[in-house]
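Here is what TrEMBL says about this protein:
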type	residues	note
DOMAIN	A:65-97	domain '4Fe-4S ferredoxin-type'
BINDING	A:Cys77, A:Cys80, A:Cys83, A:Cys128	[4Fe-4S] cluster 1 binding site
BINDING	A:Cys87, A:Cys118, A:Cys121, A:Cys124	[4Fe-4S] cluster 2 binding site
DOMAIN	A:109-138	domain '4Fe-4S ferredoxin-type'
Amino acid sequence: MTVKIKTLERQGSTFIEKLYLVEVFRGMRTTFGHFWRILLDNSKSYVRHYPEVKPEITPRWRGRHRLTTHEDGTMKCVACFMCQTNCPSHCISIEAGERVDGKSEKMPIRFEIDLLECIYCGYCVEACPMDAIRMDTGIYSVISSERSSVVKGMDELLATPGAFSEEDYKKRGL
Amino acid sequence: MAETVKLFVNGQEVEVESGKNLIDAFKVIGVEIPHFCYHPALGADGNCRMCLVGIEDGRPPLVPACKTPVAEGLKVQLDTEKIKKIQHDVMELELINHPTDCPVCDQAGECTLQDYYMTYDHQASRMRVPQVLKGKKMDFGCGVIHDQERCVLCARCVRFTRLITKTGELGIVNRSDEARVTTFPGRKLDNRYALNVVDLCPVGAMTSKDFRFKQRAWFLSRSSGICHGCAKGCNIFIDHNREKGGDDRIYRFRARHNGLVNGYFICDAGRLSYHQENEGRLGTTRLAGKDCTIDEAVETARRKIENARKPLFLISPNCTLEQMIAIKGLATARKGRVSGYSDSYIMEGDGDDFLIRDDKSANRAGFAALGIDTTLEAFRLALNEADLLVNFNNDLLRSEASGTFTEKLSALTVIAVSSHDNTLTRKATVAFSVSSYSEYGGTIINQDQILQRFTAAVVKNDPVPNMIEVVRLLGGPVTDDVTITKAMQDAIPVLAGIEATAFPTAGLNLKEKETDHVTA
């Protein structure tokens, strides 16, 4: 196997470039060019006006988690601990108990995701045999002034709706 | 090793122990023959057909390995296409009506069916008809939950109740895909070893109500230990786990095989005794009922022991030999009396002829080996003369019979060194919190004179000291490992000839070496 070598020409060795001052003003021309252009007409800006304008989220995008439910409103999760086992950052903690809604035998009585520890890798979604955990809420901004409110409990995870239709979610091609 | 025979496995010559069947003999040399129904304690039943192996030039050419003894020159085939097809077909048959509810099944992770599926089957189901539905979550009594759909009908549980406990509560009714394990109407499991069927069951058909949904099997660390529930000293696995943000906690005990002591089983009471390791513990060191640092407690306790005219050191029959030696050393240095009086641990008539013993302590035989007095007379005498009682984890008042001491005890200053909270720790002037048997290692002798060693299994986030450490702080002279080992070898001379690394894992039978054994 031969190694390809590409020689790059070294810049900045001429006398004018070595003076620096000329180059500084050339740089400032670009900066102030943008500054005046955007100041005179804001719509010519190249960047998104966040947070007034939100980015478009695709179904493949991994946002905050939610727990899904069956059509009759019962939780799909059976507390098999696959997500917790698979989680590389150990942000999920589950406590299992006897199921009370007659669906199966087992359900979580405590299901917590620490969003500060989560690295949003999506392994929990991949590991879930019941399609009970998804990251399709489209929520990408998690802000809080206290740590405890960033640990999302079962009720909150169940209450968060998905941002996409079932068809769009299925089409995400994973 | 006993007599050996030479035979061939897949054309390779191997030497195995004679007198065993193929499954057991090959297991020793690391060759696995898959099986569901065979269990060394229950014998060969030959109903699962998973262990069928080929015999080259044999008549018949196919035999169940569990029922075939090893023989000289036998040519066993395990990897032919035919054998693989049989294993695959048996697996497919077992899985026809299996609910595959592994996500909610407690056995997942330690399930024979799962393991064999990955090794011998690994095919998608071809079934297109609805599965046969049977009973789920049936309460079989004694804390056993049965799931008929998961059952592979190996009949291990049925044979256990017939052969081992001789109670015969379980049976298989109906035939073919309607066959199921069940109890007789109105007569649930009722014996003191019933939870062993949970260990025996190769799949998730029998699960424990106590362990149900508590943990997944793969989270648990399995450490070896010895049950301290009675004088039998059954070998156990201590399954524990440190959950995120929590402490190292025991979730179950399981039987660990030891042919010298308990065989393959343990009793239900011993199995559930892990609760006592988690709960009712004396969490903190206390001075006059209030939490304090260990330094403050040591200072007070030392002063009290030094000022006492006749201190009495009471030792628990659950202490290890090492701890007993250390305490004895402290007592000798302080000119105090030592007693191992612990009749409150004996429950007359509770034992049976299998594993359960009357004596609910683990190391009473250690008292005899170290020459520690255990009689009531000597204890009563010592107690009447004593002005200070230093109690090392002896739950003196655990049974009604010991109520006679309460009057004397109320007039006495008590220093308690205890792993658990009890009446004596509550009335003690100073109470030291020490580790319990799942958290330390040591040596104990069971009722049948089997000397066993065990090591620490659980490591708490904030470990409390071992009793030996507290004895050292209180001024005990015999506390380092070398001195204790020396004292132990003096008391039990046979130990001197055994290297610590060469100590037999099953334990040492002191009875066999009685000729050269001189008690101290």
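Note that Cβ sites are derived from N, Cα and C of the backbone, with glycine treated the same way.
Because TrEMBL annotations are produced automatically, they should be read as predictions rather than curated entries.
Mapped onto this structure are the features recorded in TrEMBL.
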| residue | record | Cβ contacts under 8 Å, 6 or more apart |
| --- | --- | --- |
| A:Cys77 | [4Fe-4S] cluster 1 binding site | A:Leu67, A:Met107, A:Pro108, A:Phe111, A:Met130, A:Ala132, A:Ile133 |
| A:Cys80 | [4Fe-4S] cluster 1 binding site | A:Lys106, A:Pro129, A:Met130 |
| A:Cys83 | [4Fe-4S] cluster 1 binding site | A:Ile92, A:Ile94, A:Tyr123, A:Cys124, A:Val125, A:Ala127, A:Cys128, A:Ile133 |
| A:Cys87 | [4Fe-4S] cluster 2 binding site | A:Tyr123, A:Cys124 |
| A:Cys118 | [4Fe-4S] cluster 2 binding site | A:His65, A:Ser89, A:Cys91 |
| A:Cys121 | [4Fe-4S] cluster 2 binding site | A:Arg62, A:Pro88, A:Ser89 |
Seminar exercise, completed: After the CB under 8 A filter against chain B, the remaining binding-site residues out of A:Cys77, A:Cys80, A:Cys121 are A:Cys80
Exercise. Given the [4Fe-4S] cluster 2 site residues A:Cys87, A:Cys118, A:Cys121, A:Cys124, which other residues of that chain have a Cβ within 8 Å of the mean position of their Cβ atoms, reported in sequence order?
Worked result: A:Cys83, A:Asn86, A:Pro88, A:Ser89, A:Cys91, A:Ile92, A:Ile113, A:Ile119, A:Tyr120, A:Gly122, A:Tyr123
Problem set entry | CB contacts for A:Cys128 ([4Fe-4S] cluster 1 binding site) [other CB atoms within 10 A, all chains] | 21
Exercise. Reduced to three states, what secondary structure does DSSP give A:Cys83 ([4Fe-4S] cluster 1 binding site)?
Worked result: helix
Seminar exercise, completed: Across the domain '4Fe-4S ferredoxin-type' (A:109-138), DSSP labelling yields 5 helix, 8 strand, 17 coil
Problem set entry | Other C-beta atoms that fall within 10 angstroms of the C-beta of A:Cys124 ([4Fe-4S] cluster 2 binding site) | 24
